[in-house]
Every structure is written in structure tokens, then in C-alpha cells.
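Novice: Okay, handing you the structure first.
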Amino acid sequence: MADRNLRDLLAPWVQDAPACALREMILDSRVAAAGDLFVAIVGHKADGRRYIPQAIAQGVAAIVAEADGEAADGTVREMHGVPVVYLSSLNQRLSALAGRFYQQPAEKLQLIGVTGTNGKTTTTQLLAQWSQALGEMSAVMGTVGNGLLGRAIPTENTTGSAVDVQQVLSQLVEQGATFAAMEVSSHGLVQNRVAALPFTAAVFTNLSRDHLDYHGDMESYEAAKWLLFAEHRVGQMIINADDEVGLRWLAKLPDAVAVTMENNLVPGCRGRWLKATQIDYHDNGATIAFDSSWGQGEIESRLMGAFNVSNMLLALATLLSLGYPLDKLVIAGSQLQPVCGRMEVFHAEGKPTVVVDYAHTPDALEKALEAARLHCQGKLWCVFGCGGDRDKGKRPLMGGIAEQLADRVVVTDDNPRSEEPQAIVADILSGLLDAGRVQVIHGRAEAVTSAIMQAQENDVVLVAGKGHEDYQLVGNQRLDYSDRITVARLLGVIA
């Protein structure tokens, strides 16, 4: 492991750095230990250089720290016998630095990056399931966790730090992974967390309102997503042509694969493409007939709703662009399983059908309700809330969407965090034409229970917002709570 030596590690940036052996690469001084390399970056909330004395006291072997300007780039000092190397623009270089430290793990597998507001988790899971069915050892990285397929370990962020990402990829390679599908968040792109990764392919799902508390406006949010295609090493590019932003990007990416279920192909398009020619929705999912640059076929999907047809087609186009055979993909497609907490259906005889979904944006809630309606013979119920300390502007929008598309609406708490639940609910209700038609039940388990107990056998109850999550954030507490387990207990089935 030649690059676990400070001199070798820094060779591209610093001549004759001190030669010392390194154990692990650490960003958090609190977990630094003897032999580690502590990297002191200037973050959004804290200046890591303030914690250099603590890291030294804990026995680190060396430190790489943000330099004060380009003039100090490459400067080497010593503090209490520990070498400190200063690099300018350290945040931008961190992905490359971590890549060298962990022996460039992304070069040793097929790495697929999936970005977009909604559909990232399902698309990455479909890519991993599908490729594994065709012989790969597949892994996922994202919202529901990182790890080999079926063995993902839960994570806090969709895209971890630049060091976390390279470390996880290194672990996956050690475990035998040959294929990894990674969710790439807008935060991760803006903060350079995947800057040095070579993506075999990159997928764009869609763009709608989310994270405006961070990005400020939709233009900045779109620009963040565009970074994956404009400034990263990407082989194949797969773009959803049914999205307004995607259609615009396709005009700038002539070699990208256009994917559509609405026949949104540019007339005279010379690039590669895949389109649905017929979609039949039924109780168990959908039958999807398609045509493409690689040929025609038909897939039986077990996933609910139109947006999952889009996710399926994006995954299919990605694998076709990488050379996987069409006939084998079609056969394996019927075996793909729905994703935990993503339009996950719970059935019990004599009870309403309940669907648990992660939808927590206006667009996602709209699509989830439209999907549930396709499979509903009776009334459509919607139980949802909005998270605290996040974009307040989407709350009335989501209230209006629920009122318009559902027959019965129950507004409840999501993750209120430090906000008053009553204030969040008031924001939601402000978007309704007739707030009197809506039930407000703050306790989430009570709200879910009430909706299911009131609903009839033919009805569908959509429980939206938390999906796979097994906790609720109230104040500074992290409480044990799961929509999936609550629903399963009420219906007498296994979650």
C-alpha cells in the first residue's frame, strides 16, 4: 500500500514531503488515533485547523491542512514533532487525495452515478439488482445505506464526505464488488465529494423543488446537478427526456442516451435512445413495451406507478449503453423487487391497500398520489407531513397537491426537528382551498392508524414522507418510529 506513506501520497502536489507511514485518513479530530493522517479542512460550520492540537495530542502521524492562500500551498511545518503540510483549495483536492490514499478503488469497478431530485434510490437499487442478476457482484451507496446489495449499512447523508466515499468504495472492492450504483446529491456535487471519481456512467432522473434552503433558487439547484455531467469524468450519460431540464441538457449532450415514456425524442435525433411504446398498469405493477437503439422488448415490472416506469427505463438504458445484452436484461427485469419504503405495498385480506413512500417534495408527492390512483378502485387517502428546519416554501405546495389529488387527507408530523409542529402544519394548511376537509393528527402513529381504520377495503392509503426511515426527529431527540412497522402491525403482515 505505497500511498499510505505521506511522501508518496502527496507526490502530485508537494515535492519531498516528509516520509512517514499512515494508518487511516481522518476528518474528525475526535476519532483520530495513533498513526492517522488528520485532514484539517475549512468546512461550512467549522474550521478543522482549530482541532490540530487535539489531533496531535491523540497521536496522529501527520496533518494536511488548508493553506492560507495559494502562496502557502505546499508549505511544510512541524508542530510538536508532527509534520503539517498546507495545501490550498483542499476541499477541491480532497477527493483526489482520498482516492490516492485508498488505492483508486473506483478504477477497479463499474461506478454508476445517479443524480436528480427524485428516483435516485430506486434507480440505483434497480441498477444493482439488474447487474447482479447478470453476474456482477453489485453494491449501492446512498440514502438507504452503503454496501453490497442486500447488506447496506445505514448512513446519515445521501453522499458522504469525499473521504467517506473513497473509503466505502475501497471496502466494497475488498468485499469483491465489481459494480456500484451511487446516489449523487446536489450537496455532494457542490462540496466536491465525488470530484475525482471516474464514473462509468451518469444518470439524470428529474429536477423539481427541493433543498432550496441550501441552494437558494432553482437555477442554482439545476447548476449543482449539471456539475456531474459538465465537470466530472463520465463515460456514458443517460438523461430523462420527459423532464424539462433533461430535455434542455440533451441539446448540450449529443452523445447522451435519451430516455422517454412520452415520446419526447428530438426529431431527427442521431443519438442513442430508449422509449416506452406501451404501458399497461395492473394490480401487481406494469407491463412495459419499449423500443430502443439496441432493439425492442417487453418487461413485466413489479413496481407501482408511472415514475417507476421511468426509473426502470433509465436503469435499462444505462445497462444497455454499457453493453449488457438486451435479451438477458428483459428476462431478468421481471425479477426486480420494489425498494424498501419506495411505493412499498402492504396488502391484507379485508383491509385497505397501504403504500409507504419516501415522497417529501411537491413533485414526489404528486407522482406518488398519481401512482397510487392508478391502482385504486375506491377512495385514495394521503397521510403526510413536512420536515422542520427545511425549505418552508414547499409546505403549502404539498398541502395543495394532497387536497387536489387525494379524496381524504390526514396531515401529521414528519421530522419536526427544532420547529413547533403546529407551525409546520399551519404552513401546510395555508396551501389548501378548504382546510376544513383535512384531518390534523400530530402523532404520526396515531394518524396512520386513524386513516387505515377509517379506510374501506377498496381504498388505498398512501403514507408519505419517511419511507425506509426507522426514526423520527423531534426537538433534539431521535425517536424510534417506522411507518413500515406501524402499517405492518395494523394489517397483521410482516414488514
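We count from 1, first residue shown onward.
Heads up, the Cβ atoms here are built off N, Cα and C, so glycines get one too.
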Novice: Looking at 118-121, 154-157, 390-393, 414-417, which one does Swiss-Prot call motif 'Meso-diaminopimelate recognition motif'?
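Specialist: Motif 'Meso-diaminopimelate recognition motif', as annotated by Swiss-Prot, spans 414-417.
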Novice: Given the binding-site residues Asn415, Pro416, Arg417, Gly465, state which is nearest to Gly116 (ATP binding site) when distance is taken between Cα atoms.
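Specialist: Result: the closest of the binding-site residues to Gly116 (ATP binding site) is Gly465.
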Novice: Can you break down the motif 'Meso-diaminopimelate recognition motif' (414-417) into helix, strand and coil residue counts using DSSP?
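Specialist: Helix/strand/coil tally for the motif 'Meso-diaminopimelate recognition motif' (414-417): 0 helix, 1 strand, 3 coil.
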Novice: In Å, rounded, how far does the Cα of Gly119 (ATP binding site) sit from the Cα of Glu469 (meso-2,6-diaminopimelate binding site)?
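Specialist: With distance taken Cα to Cα, Glu469 (meso-2,6-diaminopimelate binding site) is 16 Å from Gly119 (ATP binding site).
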Novice: Quick check: with Gly116, Thr117, Asn118, Gly119, Lys120, Thr121, Thr122 left out, which same-chain residues have Cβ atoms within 8 Å of the centroid of the ATP site Cβ atoms?
Specialist: Val114, Thr123, Glu183, Thr205, Asn206, Asn311
Novice: Taking every protein chain in this structure into account, which of the binding-site residues Thr117, Thr122 has the most other Cβ atoms within 10 Å of its Cβ?
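Specialist: Buried the deepest by this measure is Thr122.
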Novice: Specify the secondary structure state of Thr121 (ATP binding site) as given by DSSP, simplified to three classes.
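Specialist: Thr121 (ATP binding site) sits in a helix per DSSP.
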